[in-house]
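A.B. asks: What TrEMBL records for this protein is below:
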type     : residues                                                                              : note
ACT_SITE : LYS16                                                                                 : active site
ACT_SITE : ASP141                                                                                : active site
BINDING  : PRO99, MET100, GLY101, GLY102, GLY103, LEU104, GLY105, GLY106, GLY107, SER108, SER109 : ATP binding site
DOMAIN   : 71-149                                                                                : domain 'GHMP kinase N-terminal'
DOMAIN   : 202-265                                                                               : domain 'GHMP kinase C-terminal'
Amino acid sequence: MLSENKALVRWPAPAKLNLCLHITGRRPDGYHNLQTLFQLLNYCDYLTVSSSESGQITLQAPTPGVADDDNLVVRAARALQAATGCALGATLSIDKRIPMGGGLGGGSSNAATALVALNYLWQTGLSLPHLAEIGLQLGADVPVFVMGQTAWAEGVGEQLTPVPMPQNWYLVVTPNCHVSTAEIFSHKGLTRDTPNITVAAFLEQGGQNDCQALVVKLHPQVRQVIDWLNQFGAAQMTGTGASVYCAFATAEAAQSVLCILPKQWQGFVAQAVNISPLHSLLQQIDDTGA
Ligand SMILES: C[C@@](CO)(OP(=O)(O)O)[C@H](O)COP(=O)(O)OP(=O)(O)OC[C@H]1O[C@@H](n2ccc(N)nc2=O)[C@H](O)[C@@H]1O
Ligand SMILES: Nc1ncnc2c1ncn2[C@@H]1O[C@H](COP(=O)(O)OP(=O)(O)O)[C@@H](O)[C@H]1O
């Protein structure tokens with residue numbers, strides 16, 4: 001099926017949540033070491049990708065606010081060409097559903113899906129760890145999406161240990177404000193000295209988001225979302241914000257809160273998954289021998 005209709009395949013690029021985000025130190029290059037639990041979700045952007053003989057990388061429609069040459073899928077395609085010497089080109093399109101710049105990893109996930117899809121279509125044969133290494137040059141969150149499992153992460157997010165988590169339902173709410181990752185990491189008010197913990201300790205006690213206290217000071221809208229969601233459970237920010245999430249035992253419970261979400265915010269309901277929808281698709285391709 002796939003071999004006949006490759007251009008029609010919708011390659012999923014899932015969102016993630018950081019179920020904790022501990023900043024444990026600052027490296028000499030200015031980047032921060034962290035410990036985080038990357039929880040993959042079944043809520044996705046979708047890419048269509050076709051291979052071409054031209055060698056050109058073309059985006060069918062621009063992503064709002066992003067120049068095509070800066071788009072992470074274009075940069076991912078070019079990085080794969082450079083790493084493999086592949087002379088083929090590609091035409092890509094993105095069906096964007098994940099709010100941008102919200103700490104949900106959409107751009108990084110798009111890049112990871114482009115790497116995985118093109119590695120398949122171009123038959124460049126790189127392993128997932130090799131693709132993750134290429135992805136790390138594009139962003140600290142790309143490796144987890146390439147590897148495709150919910151995981152405990154250390155370093156800048158590239159040292160990954162898969163950890164199966166309960167398949168909770170999450171309501172994710174994004175206020176109408178933009179939080180700059182670079183601004184938060186360079187702010188003098190950021191907590192950067194959280195002691196390292198073990199995965200076992202996280203699983204037992206949970207963890208906090210070290211960026212949250214600073215972000216709510218700088219962006220009162222994020223505090224408003226947290227206060228509102230706290231009526232229904234323990235709300236926490238993901239990444240460097242601005243999105244906030246709250247866990248529910250059932251889809252219905254999460255959906256019923258989404259129905260009464262104040263109009264100035266956007267939200268979606270998603271289920272936690274341990275295997276990325278992208279990797280479930282790859283498995284299906286392998287199984288059918290397409
Ligand atoms: C902290 C996280 C947690 O998921 O936040 P979100 O982006 O998801 O909100 C990510 O690892 C972010 O990864 P990503 O968004 O790919 O960051 P990058 O583009 O690599 O870096 C943006 C800027 O943030 C700073 N930065 C980023 C990551 C890190 N571990 N230390 C840093 O100091 C650097 O100044 C860098 O120039
Ligand atoms: N394909 C893409 N999708 C989303 N953002 C992209 C993309 N390519 C580049 N970007 C840039 O990356 C930034 C971060 O995007 P995103 O991954 O959605 O958020 P976050 O890093 O907060 O999780 C965006 O604000 C945008 O400027």
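Sequential numbering from 1, following the chain as shown.
Glycine residues also receive a Cβ, built from the backbone N, Cα and C atoms like all the rest.
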A.B. asks: Sort the residues of the domain 'GHMP kinase C-terminal' (202-265) into helix, strand and coil with DSSP and give the three counts.
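C.D. replies: Result for the domain 'GHMP kinase C-terminal' (202-265), in helix, strand, coil order: 29 helix, 8 strand, 27 coil.
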A.B. asks: List the helix, strand and coil residue totals of the domain 'GHMP kinase N-terminal' (71-149) as derived from DSSP.
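C.D. replies: Tallying H, G and I as helix, E and B as strand, the rest coil: 44 helix, 8 strand, 27 coil.
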A.B. asks: What is the separation, in Å, between the Cα atoms of PRO99 (ATP binding site) and LYS16 (active site)?
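C.D. replies: About 12 Å separate the Cα atoms of these two residues.
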A.B. asks: Under DSSP, is LYS16 (active site) part of a helix or a strand, or is it coil?
C.D. replies: strand
A.B. asks: I want the residues beyond PRO99, MET100, GLY101, GLY102, GLY103, LEU104, GLY105, GLY106, GLY107, SER108, SER109 whose C-beta is within 8 angstroms of the mean position of the ATP site's C-beta atoms, in chain order.
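C.D. replies: Here the nearby residues are ALA15, ILE98, GLY239.
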A.B. asks: Within the set LYS16, PRO99, SER109, which recorded positions show a CB-to-ligand 2 distance under 6 A?
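C.D. replies: None, as no Cβ falls under 6 Å.
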